[in-house]
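Over in Swiss-Prot, the protein carries these features:
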COMPBIAS  49-66  compositional bias 'Pro residues'
CROSSLNK  K313  SUMO1 cross-link
MOD_RES   S32  phosphoserine
MOD_RES   T37  phosphothreonine
MOD_RES   Y41  phosphotyrosine
MOD_RES   Y53  phosphotyrosine
MOD_RES   S72  phosphoserine
MOD_RES   S76  phosphoserine
MOD_RES   Y83  phosphotyrosine
MOD_RES   S85  phosphoserine
REGION    1-88  region 'Disordered'
TOPO_DOM  1-170  topological domain 'Cytoplasmic'
TOPO_DOM  298-347  topological domain 'Cytoplasmic'
TRANSMEM  171-191  transmembrane segment
TRANSMEM  197-217  transmembrane segment
TRANSMEM  247-267  transmembrane segment
TRANSMEM  277-297  transmembrane segment
Amino acid sequence: MAQSRDGGNPFAEPSELDNPFQDPAVIQHRPSRQYATLDVYNPFETREPPPAYEPPAPAPLPPPSAPSLQPSRKLSPTEPKNYGSYSTQASAAAATAELLKKQEELNRKAEELDRRERELQHAALGGTATRQNNWPPLPSFCPVQPCFFQDISMEIPQEFQKTVSTMYYLWMCSTLALLLNFLACLASFCVETNNGAGFGLSILWVLLFTPCSFVCWYRPMYKAFRSDSSFNFFVFFFIFFVQDVLFVLQAIGIPGWGFSGWISALVVPKGNTAVSVLMLLVALLFTGIAVLGIVMLKRIHSLYRRTGASFQKAQQEFAAGVFSNPAVRTAAANAAAGAAENAFRAP
């Protein structure tokens, strides 16, 4: 067919219509030399180098944020850390609160177990067991050793521990008031020399009332609550009533008695403000001690009536204590033996 179209010349150039590679549909899908790729690049086809690779332009960096001027807050040991979620923080706070609550409960149980252990040890020791004295708390190098054993948390029942502790603090306050009374009387004596008798009596009251009040009314009260002793209750009521009367007299402050009460503070000569203020403070302290003493006497009496104690029980305890005393029994035996010997020698 080609020969018929070209006039039968076999050397004629083929026309574009007879070349299948010149078809417009094929030419459209041929790759362009301007954008040659590695797959279709022919180094022998042209002497021009391939186009240079152009990397994509980098994205612009965000501007740096300004540093915060607010100082970082230090978290407390119990505060949960911020993990970026409100629900997480709430759950962490709840867990921490629950742990603290459990820890407090465990501490209370541990204290209760310690108290019960001390009570069991006290019951195992018994009343006749020997224990090392610990009061007054003197240093080891002191030649005078402690005279009493005192442990309110171990020896006193739990429902009476607060009352016994209050009475112990009352005794300490009365001792402090006597020391301040001595200083006030000394200041008054320095201002007015005719107050020598009151100053001398203030020294006597410090030396006399401090040990006697502890032995005569505090120790009987302590032993009464420790062993539910009716006899010690009666001893305490009698002596502490007298002590309350003395507290009232100390607060009144009769001149010349050695007490810096209200009357003694008000009769200080004018111009001695410091001495007057010191004596008024002592009078106020004496008044507070007197009021607290009366209140505690009434309170302990109400506790005594609820314990089932009575005067007959006190008599029985006194008789049992007297007859169980070895010295009393020895004296009674010697007296009986002497009486019998005299009876046999009589004509």
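The backbone N, Cα and C atoms fix where each Cβ goes, glycine too.
Long-range contacts of the transmembrane segment (171-191) within the same chain: residues 198-199, 201-203, 205-206, 209-210, 213-214, 218, 247, 250, 258-260, 264, 268-269, 272, 274-275, 278-279, 281-282, 285-286, 288-289, 292, each at least 6 residues beyond the stretch ends and with a Cβ under 8 Å from a Cβ of the stretch. For the transmembrane segment (197-217), the list of distant contacts is 171, 174-175, 178-179, 181-182, 184-186, 188-189, 235-236, 239-240, 243, 246, 255-260, 264: same-chain residues at least six beyond its ends, Cβ to Cβ under 8 Å.
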